[in-house]
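As structure tokens, the structure follows; a few thoughts come after it.
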Amino acid sequence: MTDLARIRNFSIVAHIDHGKSTLADRLIQLTGTVAERDMKEQLLDAMDIERERGITIKANTVRIEYPAKDGHTYILNLIDTPGHVDFAYEVSRSMQAVEGSLLVVDATQGVEAQTLANVYAAIDADHEIVPVLNKIDLPAAEPDRIREQIEDIIGIDASEACLISAKTGLGIPDVLEAIVTRLPPPHSGDREAPLKAMLVDSKYDPYLGVVVIVRVIDGVLKKGQRIKMMKTGGTYDIDRIGVYRPAMQEVAELGPGEIGYITAQIKQVRDTRVGDTITTEKKGTETPLPGFKPSIPVVFCGLFPVDSSEFEDLRDAIEKLALNDASFSFEMETSAALGFGFRCGFLGLLHLEVIRDRIEREYNIELITTAPSVVYHVHMRSGEMIELHNPADMPDPTIVDHIEEPRIKATILVPDDYLGDVLKLCQDRRGIQLELTYAGTRPLVVYDLPLNEVVFDFYDRLKSVTKGYASFDYQMIGYRQDSLVKMQILVNDEPVDALSMMVHRDRAEMRGRAMCEKLKELIPRHMFKIPIQAAIGGKVIARETLSALRKDVTAKCYGGDATRKRKLLDKQKAGKKKMRQFGKVDIPQEAFISALKMDG
Amino acid sequence: MAEDWQAGGFGLYVHWPFCQAKCPYCDFNSHVVAGVDQERWARALVAEIRRYGEQTGPRVLGSVFFGGGTPSLMGPETVAAVLEAVRETWPRANDLEVTLEANPTSVEAGRFRGYRDAGVTRVSLGVQALDDESLRRLGRLHSADEARAAFGIARDVFERVSFDLIYARQDQGVEDWRRELGAALALAVDHLSLYQLTIEEGTAFGARHAAGGLKGLPDEDRAADLWEVTQEMTAAAGMASYEVSNHARPDAVCYHNMVYWRSGDYAAVGPGAHGRLTLDGQRWATVAHRAPGKWMDGVERTGTGEEERTPLSHEDRLTEMLLMGLRLREGVAVERLDRLGWDPAPARELAEAGWLRFEGGRLAATAQAWPVLNAVLRELVPG
Ligand SMILES: Nc1nc2c(ncn2[C@@H]2O[C@H](COP(=O)(O)OP(=O)(O)OP(=O)(O)O)[C@@H](O)[C@H]2O)c(=O)[nH]1
Ligand SMILES: C[S@@+](CC[C@H](N)C(=O)[O-])C[C@H]1O[C@@H](n2cnc3c(N)ncnc32)[C@H](O)[C@@H]1O
Ligand code: SF4
Ligand SMILES: [Mg+2]
């Protein structure tokens, strides 16, 4: 077993793209954990989608060994975390498993919104924080100014911040020294006490089943041990135990302060609860760990197969993805326009996009995605409260007493020049200003905003009005009553359930108009005029008319064209199976998809 | 019992796959080459005609059509050799129509008399536009004056003359077209083909269009306005459309093209040519090798230029009969559709909605259906 004093556990945290994963690469490389020939950039970002988008989605743990200047060899367990706000939950739970954080700040960009969020989370977790200024190889790096900024805005001493380039390897030895000298060893840990280990994360491995990442607090985890999950009550026999280097490597046991993995014939990720306390079935600990707040999906949308015969394949794909992602939820849904599909819940839009991409690419299923919606609390006259995940399920307004919507606290850092635009954007989105202070020389804006107004395209708008110079972070703060209504879209006088949405009364008309205009552009002309309307209850609030088709005839058609035209016609018919009834309107899938991208 | 194709007639299509330059809008099987061995091509075309003659046996031939490419690049003796073989192969109708597509340059006009002497009775001139700027944008090698001159010669030489215009061009307004069409109608004798510019994939225009270029093309509404003006003006001039894009005085309809639209039989020779032949009660679609070299090789070494011959099912034939026949003002004989076992229900529904008309034993598109015929066909065609 390892002496507690020779262990350092830490997370690497930063704003998105400030270089966490690249720093992890250098730490792994310099300590010789991975053979030189097996090294590659952002080694830990192993998923296809992570590599393709160049971002981290899942936190990763690695154990490295470092012979320090004091002559001792230390065991370092690092956790590389994701930077995107959708996966903030991964960061906060990783922090629970360790005692310190390397706070990476890009020396060309400085402190950004997620830097702040991560610092607050680290302080909450009682972490020691070592600031690391990265990318000093770049000519635009301003380490002195950024150091000052860190002291001003965050209020931590940055005089001894490590100056590094994770890319070139400059300054990495200092980071390793700082880890052992400035971060604390595990606070306590009694090898003789009853087993107490934290279930940090679990993932599904096709060969091994569920793999559980654990941090041992007291006692010892051993192969063959019968363990119990205190929250879920499940009991299992440990069949494998090991550490990530970053490949899986089996070890005989894990003692206090250590981080590693176990497998125990657990069937699904859902059978485990992150934050749970693992102990022995017999003579276990009496005092469980406080646990984590569960991560809950906040954005919902419908996923339907373009080809209705692929519904079962979609079910299979969704179930497989959910095996490894407890924060992704789903249930079956049927829509008059789109047929059978699933209503799915996500942590945010990026999470939604990632899952959708993976279904389309890894499982080869073309999808129609309906407009995303947040979860409303619908309070009925009867006193009952319904969680509304799908606007199509909105009960009749006459039996509804009031509706509450989720609100967030948004933190935005923005250069002075764009402050006005940002305030206007927040105001337009029904925001309530909570704070406007200066972080160093930059305004720091805190707003209370409806999540509904943020999920659609807030981040894109923010980027465009600030030319990419603003950074944004948010946190859910609770539910508040507001004047919310369900807006229906009627195409050719028929309501299209997949296009219904909840909107604020005051913004309904604007959104309705924008929606009708967009649909008018997206629906091809038919042989008859098509009214497109937005309505609340029975009342039409916006209307457009799509003119009848006026011109669609082949100009030249002679002997040589007959075969080609016949085949073309057959193909067009095959593609239109679903709607092929005269007088019915054929709404193309782009119409559903682009509802996502609406600005309004 | 008469075979179905007889209701449409029998013609021969001869494809000449060479051009002086490739026009940017054109997706026809046309190639620009340095020199063409006219005698060798004549021999190959003749061999193909004989081969088809053996298969069809003696049938009365109603028309021959030299299409391209640019058949006016054929030497008159080449045309003569082909027509000689035709005469030896099939019995001819008394009024055999022999059309040749010609580009209206002065060089080509110089060969018109030779074509007439070889047996050509009708030319179809690719005038395309009546002003030089438009011709330039269409990538044509002739000027408007040259085209008028060629037209004048053609009128003197041939019994019948038609010419083609391409409209709905870039930046062409309704008034511009009115003027141009007026001038064309003043010139025209008996037949006019008026095509709205189609952007075809795989052409230079196709690529420019896909890349966001080719600005100023009419949108659907302007295209529809242009179409309406065309219908009005040609009707007023006594040259109403008898097919979607073809206009003629009643006695000057192009027999050969009617064979296509009436689902008659046509033998087709030359690279990429498509034919339809009913042999022993089965209707076949034939396609020749598209590349000139490959086709020539096929003919010379294996005795056939055909690449593929596919039997057509009743459903295929029905689709084609509707697809082609509803392009004609006269429509399709219901009796022929019945014989192919069609389901008239969708047509009845469309007739009720005003898109089709049953009249005198025929099914035809109504005036409102014509400009949106593709949409009507998508509703109508079986499957
Ligand atoms: N020039 C330079 N580029 C760097 C340095 N460190 C990282 N980068 C680049 O910055 C980009 C982001 O690096 P990552 O390591 O993926 O950043 P991250 O913080 O892990 O990003 P997320 O996981 O998405 O939050 C990559 O293109 C890196 O190559 C550095 O020291 N110098
Ligand atoms: C086989 S083509 C050309 C015959 C001859 N080589 C010529 O260019 O005059 C027959 C006619 O089709 C028309 N045409 C060709 N491509 C077209 C297009 N993309 N759009 C509209 N009409 C087209 C032209 O009017 C042309 O005269
Ligand atoms: S339009 Fe006529 S001349 Fe031009 S490339 Fe096509 S076939 Fe040849
Ligand atoms: Mg990363």
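A Cβ is built for glycine as well, from the same backbone N, Cα and C atoms used for every other residue.
Summarising the annotation, TrEMBL assigns GTP binding site to A:D17, A:H18, A:G19, A:K20, A:S21, A:T22, A:N134, A:K135, A:I136, A:D137. In sequence order, A:A107, A:P143, A:L163, A:I164, A:S165, A:L170, A:G171 constitute the residues six or more apart from A:I136 (GTP binding site) in its chain with CB-CB distances below 8 Å.
TrEMBL lists A:5-187 with the feature domain 'Tr-type G'. If you average pLDDT over the domain 'Tr-type G' (A:5-187) in this model, you get 94.
Around the Cβ of A:S21 (GTP binding site), the same chain contributes A:Q42, A:L43, A:L44, A:D45, A:T56, A:D80, each under 8 angstroms and 6 or more positions distant in sequence.
Counting other CB atoms no more than 10 Å from each candidate's CB, the binding-site residues A:D17, A:G19 peak at A:G19. In the three-state DSSP scheme, A:D17 (GTP binding site) is classed as coil. Sequence-distant neighbours of A:N134 (GTP binding site): residues of the same chain at least 6 apart with a C-beta under 8 Å from its C-beta are A:A14, A:H18, A:G19, A:T22, A:L23, A:V104, A:V105, A:D106, A:A107, A:I164, A:S165, A:A166.
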